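Worksheet: the structure to be examined is printed underneath.
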Amino acid sequence: MAKTSYALLLLDILLTFNVAKAIELRFVPDPPTLNITEKTIKINASDTLQITCRGRQILEWSTPHNRTSSETRLTISDCSGDGLFCSTLTLSKAVANETGEYRCFYKSLPKEDGKTSVAVYVFIQDYRTPFVRIAQDYDVVFIREGEQVVIPCLVSVEDLNVTLYTKYPVKELSTDGKEVIWDSRRGFILPSRVVSYAGVVYCQTTIRNETFQSSPYIVAVVGYKIYDLTLSPQHERLTVGERLILNCTAHTELNVGIDFQWTFPHEKRSVNGSMSTSRYKTSSNKKKLWNSLELSNTLTVENVTLNDTGEYICTASSGQMQKIAQASLIVYEKPFIALSDQLWQTVEAKAGDAEAKILVKYYAYPEPAVRWYKNDQLIVLRDEYRMKFYRGVHLTIYGVTEKDAGNYTVVMTNKITKEEQRRTFQLVVNDLPRIFEKDVSLDRDVHMYGSSPTLTCTASGGSSPVTIKWQWMPREDCPVRFLPKSDTRMAKCDKWREMSNNTGKNPLISQTSVDERTLKTISTLKIQKAVDHALYRCIATNKMGQDQRVIVFQVTRFLNLSVLPSSSPIEGQDVIMRCVADRLLYYNLRWYRVANVANHDPPPAAVPCDTLTLSHLHQPNVTVSGLQGTNVTLDMPIPNATMMDQGLYACQVEIVGTNEKTCLLHNLRLRALEMSRIVTNLTDQRVNVSDSTTLVCEVSGTPTPTIVWTKDNQTVMEGSGVILKRSNRVLTIQRVKKEDSGLYICTACNQQGCESSEARISVDGAEEKMNVELIMPIGAVVIAMFLWLLIVFVIRNRKRPNDGDLKTGYLSIILDSDDMPMDEHCERLTYDASKWEFPRDRLKLGEPLGRGAFGQVVEATAYGIEKATTCTTVAVKMLKEGATSSEYRALMSELKILIHIGHHLNVVNLLGACTKQGGPLMVIVEYCKHGNLSSYLKSKRGEYSPYKKRTPRMPNRREVQQDEDPREGDLGLGTSTRLDICTGTAVCTRTGEQTYKTLQDEQESSDWDHLTMEDLISYSFQVAKGMEFLASRKCIHRDLAARNILLSENSVVKICDFGLARDVYKDPDYVRKGDARLPLKWMAPETIFDRVYTTQSDVWSFGVLLWEIFSLGASPYPGVCIDESFCRRLKEGTRMRAPDYATPEIYQTMLDCWLDRPLDRPTFTQLVEHLGNLLQASAQQDGKDYIPLTNGEMEEELVAPHLNVTSKRSFYAGNTEAQLHYDNAPPLGFPQQMNSSGVPVNMTGFVDIPLEHTTVMDGHVDCGVGLSREQMKALDRQAQRPLNFSPLLRCKSKESLASESSNQTSGYQSGYHSDDAEAPIYANEEMILKRDIRKKPPLPKRNDKFSAEVRYSAPPV
C-alpha cells in the first residue's frame, strides 16, 4: 500500500510539472481591452456605471462590491460577437463605498496587468461620504519593523486634502512626499517606524468647512523572532560552597515575549524562569535596544556541591520559535594547581616560521596567575610585541627569528592558596646556513696586482653550529671566459680544488673563528700576493643544509674605458671612445670591433683577447695622448655617429714583459633622434585672485627639448611670483592677479622639430590693487630716510630687553569645559587647510625666541603670508626633535583653538600653519618686537614720567585753521589713524601732509623714549579689551600675567602665553604644589584651593597684572614667602598695598578684582568701560581724546586691515612747551576704605619682614628676601609723590562733556569718589613739563612705612 501511494504521489508531481511547462509554452493572446481608455474615471453617487470588456478568451470581472450589498444593482452581461469575447458590467445607483478598481481578466489565465487583464479605477464621488467605509467598526493594520505600511483610508473623491492623525497620542502626520505619501487609490504609505508607537490612526479631511473622519485603524506591531540565545559562562568551574551564576540572554524582535525554562543536571527536570527556592533563584531583565529587545534570565545557585556538576540547559520560547543554550559546571572540592612531571623540555623551531608555541600542560582551579621569563628576565607583553599569551598561559612567538632562542620559564601561582609551580622550556631555533657577505658583495672582486687582500665569509645557522671550508679553481678550468653573472654559468665550472698553501699562483693563509655570543662563524682567506685571476668558494654547512658563496678574484692593473661626451650619446653626435692604461704596465693600445659576442649588456670589464673574434677598424683619426706621466690614452673618434656604429668594442692592451693581450670591452649604445613631443596637453584653469596655479608641460624627445613659455605671444620670464622648475617644465604663478589671465603656450623644440600645447587661465574675484604710480615716490622716500631709520633702530636696540626675556608666543588658553570635556572640544574643532595652510618653502626660520621642555619658538620671515606685503616677520612655534605623538596632538589642538577664537587686535593672532607631511608641524603667529610687558616695564623704570613730554614747534596758519575747522568732526581731530593688524605699524596722516612712514618714525622717536601714566592705563585698557574678547569666545586664560602680555609696535599689547616656550621648572614665578608648578601669586583663592578656573578667576589675575603694570614690572607680593601661610592669609582677606605709580582709582580697581566672592568681582566688559573712562580723562588732560574701540569697530576693522581709531600717539602743535591743566587733582594716596559698592571695608595688607640675608634678583623678592634699594628709597620720597590725574575733569569741549557723562553713568565704578569733586576750578593751577623730565621721578613717601593694616570687618560670603 505504501509503495502504491508513493507511486501515485510521484505521478502527480510529474503531471503537475508537465502542465506547468505546458502553460509556460502555451500561446498568450492579446490582453483584453475596455471601452474606457482612461486609467481613472469619476462618476457621481447614484449614477450608473457601465464598462464593456472585449478579448480573445472567456472574460471575468473583479469588483469592490463586497463592501456593500450590490447583488441586485450589479449585473454582468455577455455581448460577444464578431469573433471576440465581450462582457459588459453595469452598476446602477452607485454609492461611495463602491469606489475602487474594476478589473476584467481572462478566466483561464493568471492575472497579469497589461497581459491577461485590464483595469480601471472608479471614483464614485459623494461629498457627504468622502471616505470609503469598511465593513466592521475598525480595522487592524499589522506592521513589522523596517517595512512600509499602508493605512487604507480610501476616498470617494480623488482631489481631497487628507491628513493622517495618530490617536494615542494625538499627533498630525503631514504629507511630505518623502516618508509620508498620500495615494488617493491606496491611502497613506509610510515607514512602520513613523506609526509604530501609535495605538490608533485615522484619516481626516475637510469639505466646505465640515470635517470628516475615516474608520479608525488599530496599529499592531508583531514580532516573534529570536535572533540568538546565549548562556554565559559556557564553561564554569567552582569549588564547594561557592555561588553559581548563569545568565541566559535572548535577542529578539520588538514586541516579543519569552518564556525561559531551566534544566538542572541532578534533577533532570525543567523549571520555569520565575521559580525561587532556598538554593535556586531566578531573576528576569528586559532591555530595549534601538532595533531589538534583550531579554535575560539569571539563575543563581547558592552553596554549590559536588552533585551540581553537569550540564545546565536554558530554553527560550516565543510561541512560534524556540532556542536552546547550554553550559557546563565542574565543582572541585578545594583549590589546586598541578603541572606536568617533566621539569625540562626542549622546543625546536625553524627561523622564519610563522609562529612557535610553548604549550604548558597544567590543571588548576582557579585560573593561576602566570608569569613568563626569558633567560631569567621577566617578559612584559605589549600590543606591538611579537609574543602573546594563548588562553592566558601558553606562550606564542610570532615571526620566529634566531634572537628568540633561549630558556623560557613559566611560573604559575594559585590566587587563593598562593601555591607556586614552575617549568622551564628551552627554545632552539634552527636555520639554514646563511653567508652574510652575499647580501652586500659584488659578483667579482677586482684587486690590484701585488696587493694582499683578505676574503671573508661570515655564516650563521641559528642554534645549529656552522662549519666553513674553502675551495678554489684556476681560471683555466672554467670554460666560461666571461666573468660569471649567474648560477647557471657557475654550474659549468665544477673543477673545484681543496685549499693548500702551495697551490695556484696566489699564496694564501686560511683561518676560522666562532663568535659564541652571536653564534656566527667567521672564516678568512688571506691572499699574500695577488698575481693571477682565480675563483674562490666558501661553503657553510650545518644539519639543516648548506650555503655557498663564489668569489671571482680578478687581478688587474690600471685600465679604464669611457665614452664622450656622455655615457649615453645621441645619434648624430661626435662620439669619442677613450681607453686609458698605465703605460708602465701596458703598451700597444689598439681598438677593435668584437664580432663573436652580440648584445652582451653589460659586458665584462676585461677578458683575454684570445677568447674574442676581433675585426680591425680603420683608425685614421686614432690619437695617442698623455704619454707624459704614468698613463697612456687612446682616443677613437666616431664623427656623426649613426645606428650602424652601435656594437661591442674592445680596447686591446699588451702587458709589458709577457706580451699577454687583454681586452677592455664596451657596448656602445646610441639614443635615436626623436622629435619633440608633449606627453600631456595643458588644460584650461580657473583660479581665484591671490591663489597659486601651476601648469605642467611634460615633454619627451631626443635630444632633450628646450621649453619656452609664452603668454599672449609674450615670452614668460622667471621673476617675482613666477617660478620655472624642472628645466622649464613646470610653470608656477604665485598670488595670481587679474593681469595673469590669458592664453599660455608651452613650446618644446629640439633638432627634429617643435610641438606646442596651450591653456587659458581665467582669474575670478576682485583684488587689492596697488597704485603703481606711488611705488616710485614711496621708494625714494624710504631710501632717503634709510640712514635716519638706522639711527632710530640702534637707539631702540639699546633700550630693548635682553633676548632671553623675549618670550613671544601664542595664546595658551582653554575652552570653557562646562558643556563637554576638553579633548572632545578639540576633536570637534576643524582645521581648514585651504585657509590656513602656508608653504614651508616660503618660511625662513631665524633665531630662537624661546625654548621649553618639548617645544620652541623661533623668529621667522614669511614671504607672501599677507596680501599687502611680500615679507613679514612672524613667530613660529614648533616641537623639538623627538616629540611624542601626544605632544603633536597637543600642538594641533592649540592650533584648532586659535582658529576657533578668531582674530582680535589685543590677542596674538594666528597667521597660518604648516601641517602637511614632509616637515615639522609649525604654528605661525604674529611677532611682537618689544617682547613681554614685564621685561619692557623693567627696562623703562629709569625713563618713567607721569606726564607727556612734547617737543615744541611753531604751527603755521594752515594747521591752526585745520585745528579749528568744524568740518573735521565733533572731536575736532584733524588726523586719522590707521593701524595695520598684521604688522602692528600705525600711521597718523593729514590730507596733503607727511607720508605714512615719515609720521610713523617721527611718532616713535618722540613718544617711545619714556613711559607715562597714560601708557600704563592704555596697557591695562587693552588687556581688558582682549580678555573681554576671550571671555566672549568662552575661553579661560588661566595664566594672565605681565610675562604673558606682549608689546608690539605703537604701544599695542597682545595677550599670549607661549606654553611650550616657557620652562616652568626654571621660572621663579611658578611654585611647586604637589607634582605641578603653579603661578600662585596670580591665582584666585578658589583656583588655589578648589582648582576652579573661570572667567572671574581671570579677573583676579587681571588685578595682579594691574599691580605689575603700575609697579613697572615688580614681582607681586614683595618680601612675602609663597607657602601655605601665604595661601591661608590670602583666603582670610589679606591683600597687597597699592603699587608705587597707581592712582586711587586704579588701586580701587585692583581691590575690586580681588574680592573674595567671584560673582562680586567686575566683569571684563565693566573693566573695559571703566578703564576706557580713565584713559579718556588722561588723554584729555594731555590735550586730546582717546576713544576705545568697540566690538563692532573691532570686527569691522579686522576685515579691513586699518583701524579708524584715534591713536594715543598724536602730534601736538604749539609755540610753547606743552602745558597740562588739571582740575581738582587730588593727591595720590590710598582709597578712603570704600569697596566697589561704596561699603566701607577693613583690609589687611601683607606686612614686609626684612631678614638679614637678602638677595635681590631683577626686582623679584621671594621668601627670606628683604626690600630692594629702590623700594627703601621710595619710602622716604612718598611725600613728594606727584599729583594724579583725576577721572572727573571739567573740559571745555563737547566731547569732554560726553566723556564726563559716560563716566558718571558707567555700569562699573571703581568705588573711589574725590572729596574735592565739587571744588571750584582754579584756572592758574598748572604744571609745566621740563625738558629734563627724562630722569625717574621720586617715588612717593609713605608715612605709615608699610605698617598700615586693613582687614575686612566681616569675611566675604
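Keep in mind that glycine also has a Cβ here, set from the backbone N, Cα and C atoms.
Swiss-Prot names the disulfide partner of Cys53 among Cys79, Cys86, Cys104 as Cys104. Of the listed residues (Asn161, Asn1204, Asn1284), Swiss-Prot tags Asn161 with N-linked glycosylation site; the rest carry no such note in the record, though that does not show they lack it. Residue-level annotations in Swiss-Prot identify, among Asn307, Asn1303, Asn307 as N-linked glycosylation site. Residue-level annotations in Swiss-Prot identify, among Asn66, Asn1235, Asn66 as N-linked glycosylation site. The separation of Arg851 (ATP binding site) from Asn35 (N-linked glycosylation site), Cα to Cα, is 95 Å. Between the C-alpha atoms of Gly855 (ATP binding site) and Asn44 (N-linked glycosylation site), the distance comes to 87 Å. Across the topological domain 'Cytoplasmic' (796-1357), the prediction's mean pLDDT works out to 63. In this structure, the glycosylation sites under consideration are Asn209, Asn631, and the one with the smallest number of other Cβ atoms within 10 Å of its Cβ is Asn209. The DSSP breakdown of the domain 'Ig-like C2-type 3' (216-330) into helical (H, G, I), extended (E, B) and coil residues amounts to 3 helix, 70 strand, 42 coil. According to its DSSP assignment, Asn97 (N-linked glycosylation site) is helical.
When the C-alpha distances from Asn44 (N-linked glycosylation site) to the recorded positions Asn209, Asn631, Val857 are tabulated, the minimum falls on Asn209. Ranking the glycosylation sites Asn97, Asn209, Asn307, Asn407, Asn681 by the distance of their Cα atoms from the Cα of Leu849 (ATP binding site) places Asn681 first. Cα of Asn560 (N-linked glycosylation site) to Cα of Asn631 (N-linked glycosylation site): a span of 10 Å. Of the glycosylation sites Asn97, Asn303, Asn307, Asn560, Asn681, Asn97 has the largest number of other Cβ atoms within 10 Å of its own Cβ. Between the C-alpha atoms of Asn303 (N-linked glycosylation site) and Asn631 (N-linked glycosylation site), the distance comes to 103 Å. Here the candidates are the glycosylation sites Asn307, Asn407, Asn631. The one whose C-alpha lies nearest to that of Asn681 (N-linked glycosylation site) is Asn631.
Using a 10 Å Cβ-Cβ cutoff, Leu849 (ATP binding site) registers 24 neighbours. Counting in whole angstrom, Asn307 (N-linked glycosylation site) lies 44 from Asn407 (N-linked glycosylation site) by their C-alpha atoms.
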